[in-house]
Each structure stands twice: as C-alpha cells, then as structure tokens.
Ligand SMILES: NC(=O)C1=CN([C@@H]2O[C@H](COP(=O)(O)OP(=O)(O)OC[C@H]3O[C@@H](n4cnc5c(N)ncnc54)[C@H](O)[C@@H]3O)[C@@H](O)[C@H]2O)C=CC1
Ligand SMILES: O=C(O)[C@@H]1CCC=N1
C-alpha cells in the first residue's frame, strides 16, 4: 500500500493497530504518523518502538494524509476534531475506532462530505489477531471499503456489518478480550486456592487457553461437541460445569454482554 496514514490519538488502541500494521510491512513505516493531546514521551516511545513518525507539522501531515484514524476516547472526539477539521477533505478516508460513536455524529462535527468507516478492532491487533468489524458511513464507496479491509487485514480478521450492529459487536469482540482475561485471572486465583504454585498455575492456564484458541481455529467440530468431548458422565468436568450452571454462568455472560452493549449506546448518546 502506498497511502499515508495519520493516527489522531496515541493510546492502547492506536498502538495495537500500529503494531499490527508495522509487523505486516504492507505500508512503509515512514508513512505512518501519530499525534496525541499532550504526552510527548508516548509519541517518542511509539516512534522508537515501531519506526513510525510523530506529527511535527500538523497542518501539512494531516491534510496530506490519505487515511485519518480517529483513535481518541469518545468524550474527546469533539475537542480533537475542532482542531483538525479544517484540514480534513473529501479525498481522504476517515477510520473511526471510537466505541459507541456513530459516523453521523462525526460527520456532523466535521461538517463536510467525507467518507467515514466505523471500525471496531480489539487489542489482539497487537499480535495481528484482532477480530475487527467495519461498517460504512454515508459517503463511503466500495473502493473505500476495499482500502479499509486491506489495511485492517494486517491486524487480523475482518467482517462487515451494518452500522446499527456496532454496539453489539463492541460488546462481543471489542470488549471480549477483557472478559477472557478476567476468566484467566479468576482461574489463577482458583488454582492457587486449589493448592498450585503461582507459576505452575499460570503456565497451565495460559496453555489451556492457547490450546482452546487453536482448537477453535482448526477443529471442524461445533463448540458444544468440543465441550462434550471433555465431559465424562459423572466426571470432574461435569461437576465443574454444574457448579457454573448453579451459579448463573450463562446469565452472567448475557448480562455482561448486554451491559457493554448498553454502555456503547450511551457513549453514542453522550456526544
Ligand atoms: N482499548 C480497546 O480495547 C479498544 C478501544 N477502542 C476505542 O479506541 C479509542 C481509544 O481507546 P484507547 O486507545 O484505549 O484510549 P487511550 O486513553 O489509551 O488513548 C486515547 C488517546 O487519545 C489522545 N487524545 C485525547 N484527546 C485528544 C485530542 N483532543 N487530540 C488528539 N488526541 C487526543 C490521548 O492523548 C491518547 O493518546 C476509544 O474511542 C475506544 O472506544 C476500540 C476498540 C477496542
Ligand atoms: O471499553 C471501551 O470503551 C473500549 C471499547 C471496546 C473495548 N474497549
């Protein structure tokens, strides 16, 4: 790819995408720029770690960029756009990773006919394993989607959804890695209570999750069969799963996803 890309916001999501992009080598590192609100050390770290460039001449870099990635928190969107919207033009493609925030709200802020693609990646982009959903805003043509897909393939897998599905997507795959990390933390505590040493527990749990990930990737069996294959009648797994059922595991997951989805809707309404 020969586009020039600028990230507005230099936090964990910007870094995850930059890491995936630079690892894939599909875009010259020198064509990737990043800026943020105030933290100079953070920009220097990104520059030194990934060989990309921090924005020195804001007017020139932003107006010359082909792709502008909005990667600030939703609450900072208006403030961030107020200082750059005069540099945005219709030949550019805007990618927004902002949770909850509609392309309509961003268009209203920019007040120009620019193509905006809403993107929901997750932090596994850091290792090229993001589950990313993308959706079209008003002025987006197919060739914009092709560019976005090509770019986002460098950080993992992509799917295209209607924009109204983005709240649900956020509650599943955007926030999803945190649910799994929380599960790992809970298993680590339980393993120690069960008498294992911490480093042994960590090794076993990490490899268990990696093994499950690979099985999900490679096996043609449906998930419930993979689960049933482990569950001997009256065995240990059945006893463990029964305890999960008794303590409302499914309800907890349903409420977890629903709460995240509602929060995404609220973030959109807070603009
Ligand atoms: N962290 C995650 O797992 C995911 C985050 N997102 C979305 O990505 C966005 C960024 O999230 P994080 O990277 O976690 O946040 P963060 O807090 O780590 O980074 C936010 C960045 O925005 C910058 N910023 C704030 N105001 C600014 C302004 N006026 N102009 C320029 N830059 C400004 C900050 O300096 C900081 O570099 C959010 O909108 C979030 O909803 C989306 C998917 C997953
Ligand atoms: O918690 C958040 O708001 C962001 C969006 C998806 C993951 N993290």
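Cβ coordinates come from backbone N, Cα and C, glycine included.
The NADP(+) binding site annotation in TrEMBL covers 8, 9, 10, 11, 12, 13, 71, 72, 73, 74. Positions annotated as domain 'Pyrroline-5-carboxylate reductase catalytic N-terminal' by TrEMBL: 4-100. Taken from TrEMBL, the feature domain 'Pyrroline-5-carboxylate reductase dimerisation' covers 163-267.
Shown here: features listed in TrEMBL, placed on the structure.
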| residue | record | Cβ contacts under 8 Å, 6 or more apart |
| --- | --- | --- |
| 8 | NADP(+) binding site | 35, 36, 62, 68, 69, 70, 71, 72, 80, 84 |
| 10 | NADP(+) binding site | 34, 35, 36, 39, 42, 43, 46, 71 |
| 12 | NADP(+) binding site | 123 |
| 73 | NADP(+) binding site | 9, 11, 98 |
Where the C-beta lies under 6 angstroms from ligand 2, the matching binding-site residues among 8, 10, 12, 73: none
Among the NADP(+)-binding set 8, 9, 10, 11, 12, 13, 71, 72, 73, 74, as the record gives it, the longest Cα-Cα distance in Å: 14
Helix, strand or coil at residue 71 (NADP(+) binding site) [DSSP, three-state]: coil
Conformational class of residue 12 (NADP(+) binding site) under the three-state DSSP mapping: helix
Tally of residues which DSSP labels helix, strand or coil - the domain 'Pyrroline-5-carboxylate reductase catalytic N-terminal' (4-100): 48 helix, 18 strand, 31 coil
All-chain count of other Cβ atoms within 10 Å of residue 71 (NADP(+) binding site): 25
Counts by DSSP class (helix H/G/I, strand E/B, coil) across the domain 'Pyrroline-5-carboxylate reductase dimerisation' (163-267): 89 helix, 0 strand, 16 coil
